[in-house]
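Input: a single structure, listed below in structure tokens.
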Amino acid sequence: MPGSLVQEEKRLDVAAEPQEKVGESEAEESGGECAGEAAAAAAGGQGAAAAAKKKKKKKKKSAAAAAAAAAKTLGFEPAQDNSALRCLGSWPERKPSQQTVPPTKTMQQLFPAGDFPKGEVQLYASPPHDAEAREAERFDSVNLEALREAAECHRQVRRYAQSLVKPGISLTYLCEEIEKKTETLIAAKGLERGKGFPTGCSLNECAAHYTPNPGEDRILGKGRGGLIEETISSFEFINENQTLKIKPVKNLTGHSIAPYRIHAGKSVPIVKAPAHSVSFLNIMEEGEVYAIETFASTGKGFVSEEGDCSHFMKRFDAGFVPLRLKTTKELLKLIDDVSQTLNPKPSTAQNHQKTPQTRRESAPNSKP
């Protein structure tokens, strides 16, 4: 059993006696195996020695499996190998956790006191001025624990999703699993708790805003890397011995987020904007939440809207519009009941009108 498990057993006040017995047993088995291997080599030659070596290797593998099972019993999250996913690190073994593998317990069950894991906190380099102090009062109204709960749910669902992604998987199945797991862990409750946006499965030249529509059955092929977020660390990309220039997508931006409002009005450009075009309306302020979105391309660096719509929602600032068609009224009622100004998953409205909204980026040697 790994040393880390021994330390945690002691910390959790688990009796040390059985651990010592296990150690003695392992030593006896190891000594017996070595003696058996030597005897086999002397008596039966190389064939017998090879058989004994194979038997020893099998026992070691069983011991490793037993150690992993013991780690799971103690509440550890076992390590997860992500080597099959391009440019993505593996998940290390985590300290004792009450979460199951795969995750099934809600965030409230794991953190009943509401003390969710904190991210990086950066303080002011100098004491805040009067204006910043006034903004700090507004910041107090932001529910940080709700944001941290959502972040922890996202982390656990992301790990689960990475264990599913492999060539040959149905994108519809993948999205359904991710969304079901999100609703389970966050303890979804109508419009009070749940997800605010469909799962994105944008591949290749499709830059953003694609999720499978009802009836679609696209399969993830080998070599497609669009499902994996990566940090842009180079200005070039080598594919099949061909070096391609990487450039940012100019007409996509990050944006501010507010309760029940995905796009809250402020933008964060990917490229440096001319000084004369910078608006004071886009200045970041205390208490605001932002989605930082980065898009890189080997194409023209410009996106256009095309393809069937898979995302729809009610405009946050939309005024009253009289509706005449019965089907239109039914669709509006469905949106009001299911999502209002958030984005529902496509299966909730299979009869909605399809309009060109998917954003695609033209890239060399790509098929639309």
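Yeah, the Cβs are placed from backbone N, Cα and C, and that goes for glycine too.
In TrEMBL this protein carries:
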| type | residues | note |
| --- | --- | --- |
| COMPBIAS | 7-24 | compositional bias 'Basic and acidic residues' |
| COMPBIAS | 35-51 | compositional bias 'Low complexity' |
| COMPBIAS | 52-62 | compositional bias 'Basic residues' |
| COMPBIAS | 63-72 | compositional bias 'Low complexity' |
| COMPBIAS | 341-356 | compositional bias 'Polar residues' |
| DOMAIN | 145-215 | domain 'Peptidase M24' |
| REGION | 1-72 | region 'Disordered' |
| REGION | 341-368 | region 'Disordered' |
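Mean pLDDT for the domain 'Peptidase M24' (145-215) in this predicted model: 90. Residue counts for the domain 'Peptidase M24' (145-215) under DSSP, split into helix (H, G, I), strand (E, B) and coil, are 35 helix, 6 strand, 30 coil.
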